[in-house]
Amino acid sequence: MGSSEGVGTSSKQYGITKPISMAGPTVYDLQRTLELEKFLAVSGLYENNEEAAKREEVLYRLGQIVKHWVKQLTRLKGYTDQMVEDANAIIMTFGSYRLGVHGPGADLDTICIGPSYVNREEDFFYTLHDILANMEEVSELQPIPDAHVPVMKFKFDGISIDLLYASISRLIVPEDLVISDITLLHNVDEPTVRSLNGCRVADQILKLVPNVEHFRTTLRCLKFWAKRRGIYSNVTGFLGGVNLALLVARVCQLYPNAVPSMLVSRFFRVYTQWRWPTPVMLCPIEENQLGFSFWHPRKNPRDRSHLMPIITPAYPCMNSSYNVSTSTLRVMMEQFQFGNKICGDVELNKGCWEDLFEPYSFFESYTNYLQVDVVAADVDDLRNWKGWVGSRLRQLTLMIERDTFGKLQCHPYHHEYMDTSRQSAHCAFFVGLQRKKGEVVQEGQQFDIRGTIDEFLHAVNMYMFWKPEMEIFVSHVRRRQIPCYVFPDGYKRLRSSRPTSTRENHKSFPKNEVSGTDNVERIRKRKNNDGLGVREDATLKKQCSTLPEGRGASSSVSDSQQLSSSEQELGRTESPEPASNSSGFASVTSDSGSSEDIGADSMAGCAEDNTGGVDMMNNNGRFESSTYENVSGTLVKNRLTSSEGVFQHELQQNAMLGMVLDSTGNVHSEVVQEPVIRRLGVASAV
């Protein structure tokens, strides 16, 4: 059928290129849009009037608190009575609330804008913090002054709030402050610019889309999709709210007369074909004389290494998705392909919208996982500790990619899981592991990540507010060893049984009794879904004890003492076979099955066979359960660093193509820079 004319059509050009299509919706498109909106409403994505009124009330009360706070500070700092009377601070929103796509229970992103004489370091994070801490309505107060964008998190009357602070170069803050005014950025530091840009970016997005309501419905839909598919987490290297908003806004510009059902389908169609790292931009990058750095890959070498640049439209324009890694980009592209297929079926009446939002089965997608257990003395300490550890998972992904030259890929899952049966406060994160698809595996190839895990633990323990009771355990587990508490109903889903030959092979390996070449040859016969087969009896646990100086690292204890201590403090993940007292994550293993001597007698190894399978060995070439607990700081150094030299990041011209849309909607390619790692004069692509 032809397109219906006059339904909100737009002839104005939006964005940096002409639209791909000016076509409006057909009758079927309008019907599918109604079905989509009905599905979103039934799924509970819209808050009711009572909840909306409560948010407004909380915002008003928060505004009154900061006004009183600034007046109090003005008086204490010795200003005149007139200055005290005129002193003011205002609360503004940004994020999903400002964009109009928030749902029930969503965080409320806010910023307090105050005068020049009220600072962030002392006045905001100490004086205002103490005021909030003494209020009955406030709970779970968590200041994060060292964040990239300093923030105070708390709940006010049950509503989660992220509160930023910006001190602008004015003595009096007007109630009708225009946030888009570029003069607000005069004489302020970069954290203040980043804080203010949350509001400025949201306003620019709404100005740069052809139809705000269509944009909002599409964004609400795709946020829900990203959460269901496990890729909604900017902190772990996936898509956050701003990233998705910019991607959706660009699709709205390319199809200005499309309705939400069309825009959802075009979203997947565009981004499955997008040639990253070609940037997504809503408008030309603005240069200004204020001197702030902005995204400019020709001038800034670091910007050239960004894998999925999504550029903010407000000065200074920045890449909102600098967190994306090779592994997380791979996962997102797979999910874009999934969405594209489902939308194609919906358009052909072979599927329905519910199929698009099918939850991602993370614990059925990989054979091997890293389990990161976080333990603290109480719930309040755990809230702070797990927030810090969760924000470092992206670094773990980057470290593993670096140290395995991209051959071992990671999928950090943003959900956290709690084992309520433990006496101590606890939560766990999981990271899926798989060998890079299409990678040629050589006989005897192995992944040595002992030093990588050690480096990660050391970085985590640099936490500014660390306490002795805060601990972290890193374990390597197979799919069948995933603890029951991660599943919604407390039990594991039934899966189709493995082939009989595979089960028999597992049974034929008596614990600690198979060794040498015979063992390696048997493992080579195994076929695993992702090519990374770690034996079920090879459960690795590593207790964090790489403590920063002055934190009293424990002294060395015997194997039996280590195991007992670990059981008491952390408990056991449910696994088919208990772990023994060997140590290590991976070691170099020769073809004959013996481990290369690295100066630690009890280090267990991880050897990859020619099918990509990985199995744990001790130094005698024997397969056994392995528990690695590093207690006294006597660690094996990162072998990739100590014996193979220091890596330096450089850029090399590679035949990697970027996608550019011309005025006719055709695709052209251009050569872009691809980062490489150069080691001792030998270059290899990341």
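Including glycine, each Cβ sits where the backbone N, Cα and C put it.
According to TrEMBL, the domain 'Poly(A) polymerase nucleotidyltransferase' annotation covers 15-209.
Look at TrEMBL and you will find Phe94, Gly95, Ser96, Asp107, Leu108, Asp109, Asp162, Lys223, Tyr232, Gly241, Val242 tagged as ATP binding site. Around the Cβ of Asp162 (ATP binding site), the same chain contributes Asp107, Leu108, Asp109, Thr110, Val151, Met152, Lys153, each under 8 angstroms and 6 or more positions distant in sequence.
Among the features that TrEMBL reports, Mg(2+) 2 binding site is placed at Asp107, Asp109, Asp162.
The domain 'Poly(A) polymerase central' annotation in TrEMBL covers 214-358.
Per-residue confidence over the domain 'Poly(A) polymerase RNA-binding' (361-421) averages 92 (mean pLDDT, predicted model). TrEMBL lists 361-421 with the feature domain 'Poly(A) polymerase RNA-binding'.
The feature compositional bias 'Low complexity' is assigned by TrEMBL to 554-568.
The compositional bias 'Polar residues' feature in TrEMBL is assigned to 578-595.
In terms of local Cβ density within 10 Å, Phe94 ranks first among the binding-site residues Phe94, Tyr232.
Applying DSSP to the domain 'Poly(A) polymerase central' (214-358) sorts its residues as follows: 76 helix, 6 strand, 63 coil. The least crowded of the binding-site residues Asp107, Asp109, judged by other CB atoms within 10 A of its own CB, is Asp107. Under a cutoff of 8 A between CB atoms, and with a sequence separation of 6+ in the same chain, the neighbours of Val242 (ATP binding site) are Gly95, Val201, Asn234, Thr312, Ser320.
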